[in-house]
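Copied over from Swiss-Prot:
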type     : residues  : note
COMPBIAS : 1454-1463 : compositional bias 'Acidic residues'
MOD_RES  : M1        : N-acetylmethionine
MOD_RES  : S60       : phosphoserine
MOD_RES  : S63       : phosphoserine
MOD_RES  : S64       : phosphoserine
MOD_RES  : S204      : phosphoserine
MOD_RES  : S267      : phosphoserine
MOD_RES  : S462      : phosphoserine
MOD_RES  : S1436     : phosphoserine
MOD_RES  : S1463     : phosphoserine
MOD_RES  : S1665     : phosphoserine
MOD_RES  : S1673     : phosphoserine
MOD_RES  : S1674     : phosphoserine
REGION   : 1-45      : region 'Disordered'
REGION   : 58-130    : region 'Disordered'
REGION   : 203-222   : region 'Disordered'
REGION   : 262-296   : region 'Disordered'
REGION   : 437-489   : region 'Disordered'
REGION   : 1417-1597 : region 'Disordered'
REGION   : 1636-1720 : region 'Disordered'
REGION   : 1832-1856 : region 'Disordered'
REPEAT   : 931-960   : repeat 'ANK 2'
REPEAT   : 964-993   : repeat 'ANK 3'
REPEAT   : 1037-1066 : repeat 'ANK 5'
REPEAT   : 1108-1137 : repeat 'ANK 7'
REPEAT   : 1286-1319 : repeat 'TPR 1'
REPEAT   : 1333-1366 : repeat 'TPR 2'
Amino acid sequence: MLKAVLKKSREGGKGSKKEAGGDFGSETPALSSSGDSPVNSLSTTEDTYRVSLAKGVSMSLPSSPLLPRQSLLTQSRSNKKSPGPVRKPKYVESPRVPGDPVMIPFGEGSKPSEPSATEAKADNEPSCSPAAQELLTRLGFLLGEGIPSATHITIEDKNEAMCTALSQGISPCSTLTSSTASPSTDSPCSTLNSCVSKTAASKSPCETISSPSSTLESKDSGIIATITSSSENDDRSGSSLEWNRDGSLRLGVQKGVLHDRRADNCSPVAEEETTGSAESVLPKAEPSAGDGPVPYPQSSGSLIMPRPNSVAATSSTKLEDLSYLDGQRNAPLRTSIRLPWHNTAGGRAPEVKARFAPYKPQEILLKPLLFEVPSITTDSVFVGRDWLFHQIEENLRNTELAENRGAVVVGSVGFGKTAIISKLVALSCHGSRMRQIASSSPSLSPKSSDPTQDLPGTPLLSPSSSTSALSVTRTPAGPGTADSQRPREDAVKYLASKVVAYHYCQADNTYTCLVPEFVHSIAALLCRSHQLAAYRDLLIKEPQLQSMLSLRSCVQDPVAAFKRGVLEPLTSLRNEQKIPEEEYIILIDGLNEAEFHKPDYGDTLSSFITKIIPKFPTWLKLIVTVRANFQEIISALPFVKLSLDDFPDNKDIHSDLHAYVQHRVHSSQDILSNISLNGKADAALISKVSSHLVLRSLGSYLYLKLTLDLFQRGHLVIKSASYKVVPVSLSELYLLQCNMKFMTQSAFDRALPILNVALASLHPMTDEQIFQAINAGHIQGEQGWEDFQQRMEALSCFLIKRRDKTRMFCHPSFREWLVWRADGESTAFLCEPRNGHALLAFMFSRQESKLNRQQTMELGHHILKAHIFKGLSKKTGVSSSHLQALWIGYSTEGLSAALASLRNLYTPNVKVSRLLILGGANVNYRTEVLNNAPILCVQSHLGHEEVVTLLLEFGACLDGMSENGMNALCYAAAAGHMKLVCLLIKKGARVDHLDKKGQCALVHSALRGHSDILQYLLNCEWSAGPPQPGTLRKSQALQQALTAAASMGHSSVVQSLLGMAEEHEIEVNGTDTLWGETALTAAAGRGKVEICELLLERGAAVSRANRRGVPPLFCAARQGHWQVVRLLLDRGCDVNLSDKQGRTPLMVASCEGHLSTVEFLLSKGAALSSLDKEGLSALSWACLKGHRAVVQYLVEEGAEIDQTDKNGRTPLDLAAFYGDAETVLYLVEKGAVIEHVDHSGMRPLDRAIGCRNTAVVVTLLRKGAKLGNAAWAMATSKPDILIILLQKLVEEGNVMYKKGKMKEAAQRYQYALRKFPREGLGEDMRPFNELRVSLYLNLSRCRRKTNDFGLAEEFASKALELKPKSYEAFYARARAKRNSRQFLAALADLQEAVKLCPNNQEIKRLLARVEEECKQLQRNQQQKQQGPPPAPANDSDNEEDAPASSLKDHFPIEEAEEEDTSSQEESISPTPRSQPPPSVPSPYIRNLQEGLQSKGRSASPQSRAGISKSLRETVAQSGLVMQPTKQAQIVKTNQHLGSGQSSMRNSSTKIQVSSQNPPPSPMPGRVSAAPAVSRNQHLEGTGPFTAGTGCGHFGDRLGASQSLQLQRSESGTAYPLPSKVKAAERLLAHASVAVDMAPPNQGGPVSCSDVRHPASLSSSGSSGSPSSSIKMSSSTSSLTSSSSVSDGFKVQGPDSRIRDKGTTQVQGGTAEHRPRNTPFMGIMDKTARFQQQSNPPNRSWHCPVAEGLLTNTATAAGLQSNSEKPTLKPGGYCSQAKPCSVPPLSMGVHNGAQVKELEENKCQIPALCQDNRITKGVPHLYPEGVSKQPLHVSTEAHRSHLTSAKPKRSFIESNV
């Protein structure tokens, strides 16, 4: 039989299993087949899948929720087709199913996939980021696409390979399916067998849709559970895969494998706290091999707790497997409260889309179990019980009551206990959880739902919960009037408002009955309680708390996990008043159910609560329910007991039952008609029937519910007044229901195997799993799927399908009725669970893939329970135990791993463990805990005597050691297990064995204070003679034990050891060979005052030092134990005793920062002034270690503050070295010398910089520390320090600026600029650039104050290059330009500033002034057309600016302007830019625009107005920006505008307009359209020129103006030089014509305007297209200047101006210029610094490009023909002017460098330089040097004749 079952039925048995390579569930196309069932080539139909189920293909039984579900075997083994749709297998071991997508999209069957191909791919595919995965997953749900399941791994590799929780990288925390998440079959959290059908038809009840939330909701799968590679059976019934509301299965996200090596340091150490098993809370996570993030590692170990009937053994899933829990968590009640929106058939629900929460991973990794109570449905009504809630409330509020820690509701089966709990949950903050898992009530099939949980459950879900509009209605039968009921009804709401967590125990779902899951789930629910939001926040902030609550930690030490992870944090939060001062309640239902799974070792839920309740804070209460016949399990709880059993006596119970019957009768016409004899039901009849039913019920709501259900469905009709037809008990009700369902015995026999399997299973099973189990018992003639479905349908009223597609018994009482009957009751329909165990065992045995640890434990459990070989031993001669061992050995290869699984270690199942060992498990197998200790060591540590005996019986090695060298005896001695120590010694364990720390068992017992074990070990035989390696003599061990006991404060052990001193050669002053301590130094260092006193009394020497030479006094002082110090001083120690380094106890205490010890020592006369061998005092040591309180105390006590050591270091030096700024500040304030230099030349500041102590650097600088060369040298490559030092320089400059010392301020700024680091700091350069901007602005203000307007403008432009959006820089530059009379350019800058900071009033004020000045200029120009206007007074502004203080605020521009003797000082601070910058030009600007209209008119004075108008309009249209280059602007300061230039300016405007259409570029100097218009209007339309302007000057000006245009062009791209040259050549021809035609102007000389007009005509033609326009990039890289600005130019410009002096009006008020020889900020040219200090009265603004072109023209034509007085040398003039037409200009050039560079770079071009080649090369030769060369002009000569344009200025100051 065994052979047949194991071999034949498995078709290939082990062989095929091995061939599969251990990929459980791997879908290999070629399966070995047995002869009778030919292999069907990968048939993907549902039928074949069913067949494979029938054949026993690999499918895991429902197992621990810990484990992911096992995937279904894929190929069917026979050709038979099973009609049912198939559910796809959920992979047990691995989170990812190799072949198919885990989920079948809602309602769609997943497409068949080629398993082997997919399988190979699955493991190798890299996963995308969790966020992306989550998104894809969600899209998949929305679009109905399947999502690939997680990778799978071979099972046996599971020992170390554990799956982690993120399959596919999906975030485990997503709240995809609201908060109730249960793992998908694929998820490690799910315990269901994975059996998602490959082609599940949409109607298939089995099809699953996975939604990524199982583990999505909690990362626990990671923390707690690394799933062993074996998929533990996912079916933990409670965990049932979590289904979406639409019935879709949630995908568990487990992915990746990780070898989790737990760091369990349980080995004892000489520490105060013994390390508990909880230490190994967080295993080290190794990167998972799979794709996808690996949250927390878990190690594998089976962890299921045994129950009396070995259930726990079967649950031994590996701890890692605990991820199963994840699936369970988050679930609401264990009630299936079926709400209408839940489709039990698993179809697609309409609200799927609405439920997708925004993707945001949760940080909480804990997940509550998913509870479903099948009996609570939407048609359940909850009536009454107000009296009960009222009593509970009163008792819990009664503070005087000793039993007010909680309440126990006691009642018999079916009395409504679960419904009471569910009612409270439904009204609590977790009510939504309950509603989420509710499903619609299964049609009207007679459902024996538990009233206990159900009846009282209508509004159970709260009124909104169900379609059956059953609300909490009170019938007249209810007790009391409405008034009296009011407070009672309030009681339930009050209690519900206090509920923060809940738990349901269900016997048929093992995991709900285990303590670790209880702790983890309660913690997860507490996090989700809105009253305890602070607790959630705390867990997020402190991940170690979450790891303490991980399932792994809960398995290892549930008491410590609950205490440290829940109770202590809650208490501390309450003390901090972060939790409201209220009482809170935890609900626990059905404690008696948990007793069914009582482990061999460890607590049941009731014993755990009894143990932990004393640690509960008084404000945290429990309400628990228990059956009346199990009251003894809660007898020790300090709870008030409320009984539901005193039925006849308690009128409230009577009233509740009546109210329920009345409610049901009145709400159903069917019941009314069936209880009336004549079809009429009057009140009296109803009352009579009600009384009869209530009397029969004996208080059971379940009885009433089931009976009224029969009336409602017409199965019972009252025929006589005797009511004989009404069943009298629950047993009769169940018998009646079964008789109605199974009319014949054969009908019941067909259903019997299904019931047997359901009774035997540890978890709820899906239909596929049950189908597989049923067929596992057949070798031939398997049951068909359709036939099976019919049988399941017949049982659907007894086996309720839950939302996760698993089946649970309708009520615990029905389950019990099927197995057991009271005496005298009918035995019909009794079931035999043993047969169910056999079928489940066969199912596991026939599974093709390897069994994981969890499944192996379950297989052992079922084999033992089935006991199929009973009675065969006599026939076969082989004992049944050996046959069972043979069975399990043939069925799985993971026996050793299962034996060492985590749960089987901490809550071992002894019987299953014995079976595993008999089957061949290795008793010396290494575990994953206690440093990979062998099983014997772990069991010795845990004190499991029975298991240790079992292991020793089978030959476990006594000398087996963990990685730290401890053997079983050491662990037993350290843990204090006396019996195990005796057992191990008797079996031959070595007493003198040393671990890797050199400690023997004797020392371990002494460290932990186990004197009885120490005595026992001393009496054992120790090896005589010289100790062997790894051993030691007894005397050495005793000396070590004395030191160990003294250090830990175990006085009883010390006394007993000292009592044996003579007998065993123990010396009280001896040093041990292990730590080198004496007993007194060890005790003193640990602060054990009592032990010190004891040792001193026994003769310990006060001055005896340890092996390192440290006396007891120093040990105590170093650790701050002043009480021990006092004791030792009292016993004669010298307070100023010094050690080998000359240090005193005071120095040691100061060094460690123990203030109380320092105070005590000083009070005892310790010397403050004593120095050690290095010259350090106590104060020096305190400063060196940064103990501010000690420093302060010592200084106050008179310590010398400037005491130097042998290296010349003072305490301040040492404090600066350490880096505590407050200590440094304190010392400085107390008079420490801040500039003290030690022997190495270092000052405190240098030390702080060297150590990068920025806070100290800042403090010292504030206190006046000087910056020397050493400081700058130390700051090299330390950007954070360097920026502080530079800011210090800026602050010094700012102080001088405010004092009016402009020169000194500029020097500081300049010095700071020299100290800037070179490029290369990357991101660190940002703050430096900000600071550089600040410095440039400060320098700009300084130069403006000293009337160096050109430099002021230049520095502002530099600031703009670094920070193009700086409104302060625009403002500063506008101020400089305005001072140099460049009103239009100033206007443009101000408009940019207004754009950037529209609300700044100061900018607006200045803008208004400049606009007014422009209008005035326009009026002056018009007047000048008739004659030279009088020179206006110099309008220079005096400003008081506060320099920029830091790189963050370039100090508000505090620029005060004095206009006409009234000075204003206002700061421009950044203001919100809410208003857009003004885009409408001012009236003045509009007037200017009108002048741009006529483009080709004659330039005679009469037509100037029209030309200017046309120019203005053109400019306005093109949005050009006219801002002169820096050189041009500076030159303009000294130039006066001639009246005859406007026409030529107009023509040049046209050129500029065409060239300025490109989009604005972000360069600092550019301005956008609106400001551009106004600027152009100033430039072009204004500025009358005096009649006598010389053409030479005009040419100069044109060169400058061209450079201006070139630089200011908007496009930012430089056109090639040849086009410029050509344009210039074209202009030459026109120029000569213009000279000839020009009519003489007033005063004789030819007006420049006359010359300009023809050029304008010609240039206008060429300027129409961008290609011919002359436009240059303004970037600094294209900076060029005319190479022709030579010395000759410098001479002739002034020459001509001087000659014209008679016709020119000289502007007065020129400031005195003091040329410099030294460069200023790299600017060598004096012209740049001086030239702008006098402001010419009238200036005409013109288009730079055109004027530049005209310059060439005029030059070529020979301006000598002009009737101007001076005769210019053609060559000289050409060399000056011509190059100006070509080179591009940029704003970023330093003025000072221009002349110098030009001269060095062959700037001087021969006299008649008309060859364009030279000019072509210039831009490339001089990119920077030439851009800013102002026309060299004398401030005294012909100011009114000078054009405002300036050629590249390389000379200026020489003529000033």
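Backbone N, Cα and C define each Cβ position, glycine as well.
Since this is a predicted model, take the numbers as computed values, not measurements.
Across all of the repeat 'ANK 5' (1037-1066), the predicted model scores a mean pLDDT of 90. Long-range contacts of the repeat 'ANK 2' (931-960) within the same chain, counting only residues at least 6 positions beyond its ends with a Cβ under 8 Å from a Cβ of the stretch, are 261, 264-267, 277, 600-601, 899-900, 905-906, 908, 910, 913-914, 917, 923-925, 966-969, 971-972, 974-975, 977, 979-980, 983-984, 987-990, 993. Sorting the repeat 'TPR 1' (1286-1319) by DSSP state (H, G, I as helix; E, B as strand; all else coil) yields 26 helix, 0 strand, 8 coil. Sorting each residue of the repeat 'ANK 2' (931-960) by its DSSP state yields 17 helix, 1 strand, 12 coil. Note on the repeat 'ANK 3' (964-993): DSSP counts are 17 helix, 1 strand, 12 coil.
Sorting each residue of the repeat 'ANK 7' (1108-1137) by its DSSP state yields 17 helix, 0 strand, 13 coil.
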